[in-house]
Amino acid sequence: MALRRAAANGLLLQALSYPGNSSSALTRHLHASPGSKKIVGVFYKANEYASLNPNFVGCAENALGIRHWLESQGHRYVVTHDKDGPDSELEKHIPDLHVLITTPFHPAYVTAERIKKAKNLQLLLTAGIGSDHIDLNAAAAAGLTVAEVTGSNVVSVAEDELMRILILVRNFLPGHHQVINGEWDVSKIAYRAYDLEGKTVGTIGAGRIGRRLLQRLKPFNCNLLYHDRLKMDPELEKEIGAHFEEDLDVMLSKCDIIVINTPLTDKTKGMFDKERIGKMKKGVLVVNNARGAIMDTQAVADACSTGHIAGYSGDVWYPQPAPKDHPWRYMPNQAMTPHISGTTIDAQLRYAAGTKDMLERYFKGEDFPAQNYIVKDGELASQYR
Ligand SMILES: NC(=O)c1ccc[n+]([C@@H]2O[C@H](COP(=O)([O-])OP(=O)(O)OC[C@H]3O[C@@H](n4cnc5c(N)ncnc54)[C@H](O)[C@@H]3O)[C@@H](O)[C@H]2O)c1
């Protein structure tokens, strides 16, 4: 299909054979063909908030702050928040766009069907981290490039996770709700409020965010554990003060607090189902800012209802925006928010700059920073395989 589509568009093709793939694959060079490109951005809408901060570049209205730059070079830049369904604004532009930019906060779901329709598409950019809203195998098969702004919001997310841990450990939210509701009942909060010091905290995934969280937890004098497909360098492990747990289930049975920090991949999708949650300590606190679909939605809601999970907090859901009847909105013991942790103003400025940098390189036919690629030359980045 890649050959037919690319040839029909007069694009430069290169036949390549890939390790571990017996058939030769065809892909399109990432050299922009001469002339204007149609770039579509899908971002959350800000309405009256759009003009309140000149650095609020992540919303649809402010469009990453790159409109003038793109248009002054003769490119067309269409921006919308309307992304889902056959009648959406995005759908209208699928047949002739060259580049699609979206964010995980308001993700444009790029299905195999949309990829098939997008005859001119070459490049999918994630303004942020996590490209699971794209059917990556379909993108690879079609010869598309997928890249994200790796590292752009890792501090923002690690800080937010630390906040969520403290909110859950201290049983903070019910106390805050009392104040709003005109109540005063110390015992209702205090019977299950704890110190963080001395607790066992485990992260599943100790990459850029997981490590930063562990570093921030160190001064709290916790017992720190991590499970990852890769063990850290011993020097770094020593500096962070975290112990590697090869067996995930063994780690789960030890933790008072569990934090999820892996990408959503074929291996991590639904990883926390009823059985795996059953391996956690009764009364465990869980923080998940990674991706909603890593959890079995109903299993989490059930475990919060029985109290097996004594507190669940995170900002990621599936799908997004979360529908009004999403079970996590109504389950007890939760401190959920919309997807916000990685879209602080500081993060927006970083992922907007990173997106601009990749577009600039794309126009010049230059490679992106290696760590940004999620799909390149028909291959998925290693942790997505
Ligand atoms: N809520 C937000 O705003 C927000 C923002 C940024 C990132 N994220 C999510 O956080 C994820 C992690 O981001 P990061 O920058 O730390 O990524 P990273 O690539 O630096 O780290 C991911 C870690 O997960 C490990 N991993 C991958 N698959 C695994 C598996 N099956 N079992 C065990 N370990 C596995 C990797 O080895 C790596 O160490 C992103 O993919 C994204 O989904 C969320």
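Keep in mind that glycine also has a Cβ here, set from the backbone N, Cα and C atoms.
Pulled from TrEMBL:
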DOMAIN    71-367  domain 'D-isomer specific 2-hydroxyacid dehydrogenase catalytic'
BINDING   ILE129, ASN153  substrate binding site
DOMAIN    163-341  domain 'D-isomer specific 2-hydroxyacid dehydrogenase NAD-binding'
BINDING   ARG208, ILE209, ASP228, PRO263, LEU264, THR265, ASP266, LYS267, ASN289, ASP315, HIS339, ILE340, SER341, GLY342  NAD(+) binding site
SITE      ARG291  site 'Important for catalytic activity'
SITE      HIS339  site 'Important for catalytic activity'
Distance check, please: Cα of HIS339 (NAD(+) binding site) against Cα of ILE129 (substrate binding site), rounded to an integer number of angstrom. 13
Rounded to the nearest angstrom, how far is the Cα of ARG291 (site 'Important for catalytic activity') from the Cα of ASN153 (substrate binding site)? 15
Give the three-state DSSP assignment (helix, strand or coil) for SER341 (NAD(+) binding site). coil
Given ASP266, ASN289, ARG291 as the recorded positions, which ones have a Cβ positioned under 6 Å from some atom of ligand 1? ASN289, ARG291
I'm checking region-level scores; what's the whole-number mean pLDDT for the domain 'D-isomer specific 2-hydroxyacid dehydrogenase catalytic' (71-367)? 98
Densest Cβ neighbourhood among ASP228, ASP266 (binding-site residues), 10 Å radius: ASP228
Between SER341 (NAD(+) binding site) and ILE129 (substrate binding site), how far is it from one CA atom to the other, in Å? 12
Among ARG208, ARG291, HIS339 [recorded positions], residue with fewest other Cβ within 10 Å: ARG208
Between the C-alpha atoms of ASN289 (NAD(+) binding site) and ILE129 (substrate binding site), the distance in angstrom, to the nearest integer, is 12
